[in-house]
Structure formats: structure tokens, C-alpha cells
Amino acid sequence: MYRLLSSVTARAAATAGPAWDGGRRGAHRRPGLPVLGLGWAGGLGLGLGLALGAKLVVGLRGAVPIQSPADPEASGTTELSHEQALSPGSPHTPAPPAARGFSRAIESSRDLLHRIKDEVGAPGIVVGVSVDGKEVWSEGLGYADVENRVPCKPETVMRIASISKSLTMVALAKLWEAGKLDLDLPVQHYVPEFPEKEYEGEKVSVTTRLLISHLSGIRHYEKDIKKVKEEKAYKALKMVKGTPPPSDQEKELKEKGGKNNEKSDAPKAKVEQDSEARCRSAKPGKKKNDFEQGELYLKEKFENSIESLRLFKNDPLFFKPGSQFLYSTFGYTLLAAIVERASGYKYLDYMQKIFHDLDMLTTVQEENEPVIYNRARFYVYNKKKRLVNTPYVDNSYKWAGGGFLSTVGDLLKFGNAMLYGYQVGQFKNSNENLLPGYLKPETMVMMWTPVPNTEMSWDKEGKYAMAWGVVEKKQTYGSCRKQRHYASHTGGAVGASSVLLVLPEELDSEAVNNKVPPRGIIVSIICNMQSVGLNSTALKIALEFDKDRAD
């Protein structure tokens, strides 16, 4: 009997092992039952007890707790044990093979995102990273929909805000390459509905090139020209180093500029993402003046770009075209009208063709009526520091400057297409097996060349180029800080913040001769909370992955 019981117990334990191997698939698989022999009756009770006991012990050793799908930290591409076989629809998805060499960078970057998310009180945030053209990490933290406890995931769709400007630039560049658009003709050549302008009694010309780099003098959301000029003067005064004590006039200017700064920063630093440090200094909220810019919250639907021009076309220019940088989303509304006239297509139709070419199949204009899968809700903090839904807005007046929805994956595709076009001309193509870029190398070089008299407000080391901010390579002292060349654009809208950053590889002869483009790191981050500065976070993440890539 002892020999028989030992045999049955061993068989039961052996059967139990694979069923409780630590994976969800194994945990739900029903184990096979032991085969009963003819002499079993005498020890039935004891035999079953020993068998079940062995099965329970092995199961408890191997079982892994299953995280609830509602856990907001549980979505995205994460590093899991090989035994954890997960269904495609589960909140965790196994890390792609390309990610396994970046485990340190992923862990470090995830920790950084948790810190940023907690610091600003953001409901949800999604990140994506690609290395040399391959997506190696994407993950969502927190909630896409707080009310229904829908977790963020890589497929979550959010407002990308001013990254829309970089998308519009591709349309302009394609038309320029095709000879259908002259960047230096007055805009009235394409859009006669936009009136000719004067500045201080002098007739001036607004061109497509000036619009792209925010040098046209067309206003942003702030309509008070005096406030804007005082703020610009105050900022210029603050940047002067080593000056003597201010005069009475300078003190007055500082006082005026400081007061106005509180008001005019709402649409720019608080909504357009231009002051990362200020955004981080306190929890984002509905502070005084945050919601006084009525045009940010328009509910009116505009049928086309020409109709949208009536919001600003008769307003005076704030500066002489070409003289000063004034960030303007309305300038891109005029650019959308130029795209329509130069292409012969409606702006959105032309953009959808571009998205199709770039394989950006989840990128669409934001509209309230259509059902858009995986669309997040958008949030802000009220005066009582309570999380609330943002008011309904209609962005049809500014598709080109801040009206698109997208995912981190689509933004990575876009970044890689731009990087490929930028680099492909530098690579040896002896077998002619490299395909042309979506944009020509000379076009990309033009787009990523800093423009004089501009500002890159999300990184003071850089300048604005053509719908991208660009920081150039620089090192002033030996064995000291080295500034890497990169291009990026941030975005800030009602209830949303975003960034797309491209860190090109510093190519050497070995890479040029033996490798293929794109070479570099792309980082995209989207968040369903307004006023969250993300550029420095994206740059830190890019540098973390660049370290692992170099090892």
C-alpha cells in the first residue's frame, strides 16, 4: 500500500507542475487526473488527500498574482517573464525582441514618467520610443478616462496640440518640392481673401516662410497689442546680463511687464507649453486668467480654413514681419488656406493623404461626433484643486496649428520618416537599395535649420526653425557639458500636453558605409492634462536609450 500511495502521489505532483507554471495560460488550464488502478479502494481517502496537498504546494510556489485590468499602471509594453503568456487584449503586452537590450533605459524612463505624473497630478500619460527606426517601448500610465477607470495604453488617442504644426509643415514642404508653392510670395497670391497689411503706416508683406517660423507679426490668442509688446520688452530686459541698475523707465516697464506676464502667460506657457519650469512649479489648475482667452474655447464649427480667417484677418499686425518672433497658431490657420489653394484639395483631405502615405492610420482631426476608438478624456484642476473635465471645444478653426488627435505610435512613425529623409543623403548607397525619403534631404535640412530672430521657448538653447524647434550641437569647454543636436515640438491644448523629439545619431564613417537610416532615437509623449511641460523629460528619456544603444 505504501508503494502504491507513493506512486500515485508522485504522479499527481508531476501532473500539477505544468498546470501551475506561473503563467496565466497555465493557471487556467485544467490538469489531467491520475489513472486509478484496481487496488485503489483501500487507500482512496488518503491518496486523494496527499495528491491534492502536493498539487496545492506546487501551485502556490509557481502562481503569480494577476493584476487587475483596471489598474492604471498596468498598460503598455513591459518586461515580463517568459512564462507569462498573455493574450493580445490584456493590459500588458510582452516586450518586443528589440526592447530586450534596453531594459535599463526602460526601467529608468518609466520611473521618471511616474515621478512627472505624480508631480503634476496628471490622470494619464503615454510614452513611445523608437531606436533606429524600430519601436522598442510604448507604455501607458494612469487613466485615459478617470470616470470609467479606463487605463492608458499605447493605443490611447489624445490631442497632440501644436505638434499639428509639424504635420502641416510636411504638406507645405511637399507642395514646395512639387513647385506648386513659392514660400516667399505674399500670401495674397494664394489667399486673396486675406487683406494686405501695413505696420506703422508702412505697407508690409506677409509670406508663407514668415508664417511658418512665427515671424509674420500675426497675433496669437492675446488680442491686446500693448500687453504683448510690454511682455516682449520685459522678457528682453530680463535676458540682458551685467547691466547697471534699471532706470525709472525700466522699472515701470518691468512693473507693467510683470503684471501683464501673469495674464498673457495663460495661453502660451499654460496652454501652448512654452514654460516647462513654470508648469512644474505647481499643480496645474484653473488659476486666475487661465480661462480668459475665449478663443481657446470656441464651440463654433468652421466649415473650412477660409471661413476661419475671419477670426483674425482684420486685426493689426503686432510687429513688422520678419523683425520679431511671435508664436501664432492663427498663422497656421492661414497656412492651411494656402495648402488648399496651392494643392487644389481641401486641407483635411490633403492631410489624410499624407497620413496614409506615412502609415499614420490613427491620426485624425478632432471632431466631437465621430466615434474614435481609444479616445481619451481631457482634464484640468479647478479652483478647489479638484480634477474636472475640460469644457467642450471645437478646434475646426485651427486644424493646422493644433487640431489633430494621434497616438504615440503614429508620432514615432512620423518622427522616423522625418529622420530618414534628413539622413538618407549621407549614407553610402552603392547598390541603390535605399528608398528615397518622404521629403528630400535638402528639404529636411532647410526645415531643421534654425531661423534668425526666433525663439525656442521650451528649450532656451535652441531656435525655432520651420515648424520645429532645433537645438544645435555645441560644446564650449573640454570635459564639460556637451549639447546634442535634436529637433522637437511641444504641444499644449485644453486638457492636453504633448511632445515629439528626434535625437539623430552623430554619424561616423562606419555607420555611413555599413548601416541604413534612420539612425537615432525618437520619443513621443502625450498626456491628458494641460500645462505639463514634457520636452526635458523626452530629452532625458532619449539620452537614456542612447546610452544603452551605445553599450
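Glycine too: its Cβ is placed from the backbone N, Cα and C atoms.
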Among LYS232, LYS301, LYS313, residue that the record in Swiss-Prot marks as N6-acetyllysine: LYS301
Among LYS263, LYS287, LYS428, residue with annotation N6-succinyllysine (source: Swiss-Prot): LYS287
Count of other CB atoms lying within 10 Å of the CB belonging to SER162 (active site, acyl-ester intermediate): 25
